[in-house]
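Visitor: Can you read through this structure? Questions will come right after.
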Amino acid sequence: MASIPHYDYLVIGGGSGGVASARRAASYGAKTLLIEGKALGGTCVNVGCVPKKVMWNASDLAGRIRQAKEYGFPDVDPKYADNFDWSGFKAKRDAYVKRLNGIYERNLQKEGVEYVFGWATLYKQEGQEFPLVHVKSDDGNTKLYSAKKIMIATGGKPRLPDVPGAEYGIDSDGFFALETQPKRVAVVGGGYIGVELAGVFHGLNSETTLFCRGQTVLRAFDIMIQDTITDYYVKEGINVLKGSGVKKIVKKDNGELLVTYEQDGAEKDITLDSLIWTIGREPLKDTLNLGEFGIKTNKRGYIEVDEYQRSSVDNIYSLGDVCGKVELTPMAIAAGRKLSNRLFGPTEFKNQKQDYTDVPSAVFSHPEVGSIGITEAAAKEQYGEENVKVYTSKFVAMYYAMLEEKAPTAYKLVCAGKDEKVVGLHIVGADSAEILQGFGVAIRMGATKADFDNVVAIHPTSAEELVTMR
């Protein structure tokens with residue numbers, strides 16, 4: 001029997017977190033192998049943040065085309081925005097993603113990380129000192145590897161409901177496979193993915209319905225964000241079906257979808273060209289053999305890890321979406337690098353770990369959302385209502401002074417204690433993601449309301465409102 005290739009560090013999952021951790025480990029001289037089942041870059045690069053933002057840009061540009069005449073360009077017909085070349089743009093977007101896949105591959109090569117494509121299974125064999133990983137490629141070939149340390153960063157996948165005809169809908173991955181633009185589309189789910197996709201479709205002139213279980217979208221965010229985005233989506237003409245749930249889907253002979261849903265105790269029907277499920281995500285761990293290997297998962301199936309990313313089995317680690325803790329690409333990258341620093345780096349990194357508090361996040365809705373820290377409700381529960389002071393501002397950004405349409409801008413600072421430490425910052429409006437990045441530094445450094453007040457405002461900007469609120 002041929003000897004089994006052995007590594008210092010074996011990473012299962014070639015997404016952002018896995019690649020970052022593998023590259024960092026290799027930079028310290030660790031012999032490193034990375035295993036990826038599909039395409040390098042994971043969800044973010046292939047079917048997430050990157051192509052989503054490209055589509056958001058197109059939708060945002062369509063909105064600006066519709067506004068151009070009011071900004072002094074009389075020859076720009078607003079109807080130009082309705083003539084979006086979906087299939088042509090998809091090809092261009094896919095080519096961009098493929099270039100990024102190549103960049104990821106070259107970066108691994110540059111750091112000396114070996115990599116193979118295939119699906120990994122943890123494997124125990126009598127007499128083996130180190131755990132084995134069995135890898136099966138799509139062409140059926142199999143190979144065994146062993147490693148001193150293994151890290152699982154396989155990510156997540158869209159969750160699908162158990163309703164009749166669910167297979168006639170597509171998930172958020174399927175959104176990026178659409179070759180033509182559906183003219184009548186429904187998005188099921190009021191979380192950030194559903195809100196983003198509904199905004200893209202609406203901006204590109206698809207007749208858009210958004211099924212929402214509650215009375216507001218984005219229920220994981222501060223109530224100001226929930227109300228502002230929900231109200232504006234309704235105002236803009238998105239068919240937001242509050243308190244609704246899809247019961248079944250029937251595909252007609254002509255390809256149309258007849259969707260039956262329940263709302264306010266009554267069953268109703270709607271005919272669509274496409275339906276997209278965005279009801280949540282779950283860990284991608286189907287082939288891993290976690291149970292037999294003794295790796296504990298929680299009730300939702302996510303791998304349980306401690307503050308140092310250690311699983312319940314010695315020398316097996318995990319991070320990213322498969323752990324279900326702050327499922328954001330930059331968080332997985334940061335956690336992956338810190339794990340490799342601790343495992344393979346100099347002694348000053350021996351206790352390094354990722355802090356999962358005060359993580360800035362954005363929703364690329366229309367308009368954008370930015371949030372860091374805790375909500376107003378959470379602050380009052382944590383600190384006591386009498387110890388929390390909230391500053392809010394709702395206004396129309398200067399950009400809209402020339403326009404009949406008035407998109408909302410809403411800002412909130414949640415402050416706690418006598419020194420009014422800013423424990424939550426929540427914003428809705430143009431460029432919220434870009435604005436939040438800088439303010440995220442301030443929140444992480446423990447800024448107080450007085451610190452905000454002592455900053456000279458940049459005028460005229462929307463962001464100046466955050467340092468002038470009283």
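Note: Cβ is positioned from N, Cα and C throughout, glycine not excepted.
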Visitor: Taking Swiss-Prot at its word that SER16, GLY17, THR43, CYS44, LYS52, ALA120, ASP321, THR329, HIS459 bind FAD, choose the one of GLU36, GLU114, GLU129 listed for that site.
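Guide: Record check against Swiss-Prot: FAD site with SER16, GLY17, THR43, CYS44, LYS52, ALA120, ASP321, THR329, HIS459, extra candidate from GLU36, GLU114, GLU129 is GLU36.
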Visitor: Can you grab the distance from GLU327 (NADP(+) binding site) over to CYS44 (FAD binding site)? Cα atoms, rounded to a whole Å.
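Guide: That separation, Cα to Cα, works out to 11 Å.
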Visitor: If you count the C-beta atoms lying within 10 Å of each candidate's C-beta, which of the recorded positions CYS44, CYS49, ALA120 ends up with the smallest number?
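Guide: Ranked by other Cβ atoms within 10 Å, the recorded positions CYS44, CYS49, ALA120 bottom out at CYS49.
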Visitor: As a test of the contact definition, list every same-chain residue at least 6 positions from SER16 (FAD binding site) whose Cβ is closer than 8 Å to its Cβ.
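Guide: Non-local contacts for SER16 (FAD binding site): GLY41, GLY42, CYS44, VAL45, GLY320, THR329, PRO330, ALA332, ILE333, GLY336.
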Visitor: So, in DSSP terms, is ARG213 (NADP(+) binding site) helix, strand, or coil?
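Guide: Looking at the DSSP assignment, ARG213 (NADP(+) binding site) belongs to neither helix nor strand, so coil.
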Visitor: Which one of these binding-site residues, ARG219, LYS412, has the sparsest Cβ neighbourhood, judged by other Cβ atoms within 10 angstroms?
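Guide: Among the binding-site residues ARG219, LYS412, the sparsest Cβ neighbourhood within 10 Å belongs to ARG219.
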Visitor: Which one is closest to GLY280 (NADP(+) binding site) in space, judged by CA to CA distance, out of the recorded positions GLU36, CYS49, TYR104, ARG337, LYS412?
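Guide: Given the candidates GLU36, CYS49, TYR104, ARG337, LYS412, the nearest one is CYS49.
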Visitor: Please report how many Å separate the Cα atom of GLU196 (NADP(+) binding site) from that of CYS49 (disulfide bond), as a whole number.
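Guide: The separation of the Cα atoms works out to 11 Å.
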